[in-house]
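Trainee: If you scroll down you'll find the structure; I have some questions about it.
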Amino acid sequence: MNYLSQLGKLFSLETLDTRLNPTTNPIKRQSIIKKANPTSRWSTLEFKIYLTILIIVVPLMIKAAMESSNETNPNYPRFQHLLSDGWILGRKVDNSDQQYRFFRNNFPLLCGLIFIHVTLRKLINTFIIIPNGRYNNNFKRTYFDLIFGIIFLIGAHGINVFKISFHLFINYLIGKYIKNYKLAIWCTWIYGIFSLFFNEWFGDSSFGLSIFVNGSGYYTGIIPRWDVFYNFTLLRMLSFNLDYIERERKLGNNDGQLNLNKQENINGADNPPTLLNLDDRQRLSAPLPLDDYNVSNYIAYISYTPLFIAGPIITFNDYVYQSNYQQSSTTQNYQRIFMYAIRFLFCLLVMEFLLHFMYVVAVSKTKAWDGDTPFQISMLGMFNLNLIWLKLLIPWRLFRLWALLDGIDPPENMIRCMDNNFSALAFWRAWHRSYNRWVIRYIYIPMGGSGTGKYRIINSLLVFSFVAIWHDIELKLLMWGWLVVIFLIPEISATLIFSKYNKNWWYRYLCGIGAVINIWMMMIANLVGFCLGTDGMWKLLHDLFQTFEGGRFFIISSICLFVGAQIMFELRESELRRAIDVRC
């Protein structure tokens, strides 16, 4: 039984991020617990039936995905050329996804870089760290980040560093030297979005950099496609400007007094509460002195190596606070970091298993689904989405693990399995969570937040339009963003209408029906945007609603989704009983 409890702890929310721990505030704790049904339903006959169905259906889903993508399928010759030699039981591996292939092929190199970076940091910390977890004023952590980051950028992007520097320079000038608050905000956003289009149109241009070319040509670094990772750089650029503009507006002419507070805080004398013991939410708007918004911290933040390639996203205020003022207690708990590393390793091995036994990415690239049943096509799409989830989760967790070892605690990006979602709103809170928090802080709240009625829809439309453009300047992704907003409308409307009936016995079952509709709509939106494209989606919809076998599958799968939704509801009820409410 002890082994089961340890296993449960390993896969709990709390292991991922201390931000997900039960609240310590007794009033909030009781209010969260009161939301839950005090009696667990796991031992009831209803849920025993649900769990039995789950045990039967999940293996059938795996079997269908394997049959539609393995060498026994008649379409195998059409995608065989995309497979590579694997290392599990002599099987081929589907390494055809460009993004994950880059990560997978360079994984040993990344591990070596992590070892070098963390070792250097520990050696330097031996000389500069103060026992109470704060830092020496003579040599701040950000100095090391600045030096290492510049070296890393040159090694990664070579001569293309000049192109990145151009955007950094323009953005810095906008933030620091446009003194009108609204104009600075507008210029920051306009240039930020323009830079995405600029890179799309002119990213491969030399811009006169040929003067640096030697006989062997450009040195473009280990990662020549600098523009692929620029999107994350842009988020940090915007964060610096918007944090600075907001802070400058609040401070007015009182920066001199705050500089004095900063000095007192570092030296430990009469520590002011403004810069001590801030939690993760308070760090987002940490009352930093204006002189912390300098070019050195700007470049150090932009080029912070553990999070540079793909995040998770951490705001400028949070980064500087953790770097130069107070280290997060999470980064000093090595047992927790070890458990996080074990969980990362588990996810990595699951990904390797799926890539060796389900070639769904190769199938989707070649559209090799002729003759497949609606069940098989839907499983191709579903496991494709699972692989997309894993290909994002694994790098994010590796980079977050790297940051934790380095003493910085960024938010966890993925706190739910992709299949453990029934709400479109909650899905976006759990998927790419740090980006979601960034969007809420810098776009959603400034635009008016949730509000009511049409304004909530308009804000959501603006948010998902930016999200789509930020991912890639491609029409199908913009359509995906608008589809998501359209699919949000029924959920928002139903929540407003039926939430007052939440004490009725039938409310849970009504929510289950709504969850089934939500899951279908989310799958359609994401399959169009990221997996099957419009061709594959239209074929699936045609087979579902214009063939007998498809109609039968639609009914059975909807029943299974209802069962899954009820299990998801009870999982969240179990969390509420432990005073955990992550709202997703």
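Cβ atoms here come from the backbone N, Cα and C positions, even for glycine.
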Trainee: Per the topological domains given in Swiss-Prot, are Asp145 and Phe399 together on one face of the membrane?
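Mentor: No, opposite sides.
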Trainee: Which of 42-62, 183-203, 296-316 shares the most C-beta pairs under 8 angstroms with the transmembrane segment (110-130)?
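Mentor: Counting Cβ pairs under 8 Å, the winner is 296-316.
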Trainee: Specify the secondary structure state of His471 (active site) as given by DSSP, simplified to three classes.
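Mentor: Going by the DSSP assignment, His471 (active site) falls within a helical segment, counted as helix.
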Trainee: Looking only at residues six or more beyond either end of the transmembrane segment (344-364), which have a C-beta under 8 A from one in the stretch?
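Mentor: Same-chain residues near the transmembrane segment (344-364) but 6 or more away: 62, 65-66, 68-70, 75, 79, 82-83, 86, 88-89, 91-97, 380-381, 383-384, 386-387, 390-391, 393-394, 397-398, 401, 531-533, 536.
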Trainee: In the topological domain 'Cytoplasmic' (499-509), how many residues does DSSP call helix, how many strand, and how many coil?
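Mentor: Taking the topological domain 'Cytoplasmic' (499-509) as a whole: 6 helix, 0 strand, 5 coil.
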Trainee: Should anything in the same chain at least six residues away from the topological domain 'Cytoplasmic' (317-343) have a Cβ under 8 Å from its Cβ atoms, list it; otherwise answer none.
Mentor: 9-11, 15-18, 133-135, 140-142, 145, 243, 247, 265-266, 275-278, 280, 283-286, 288, 292, 297, 300-301, 304, 397, 400-401, 404-410
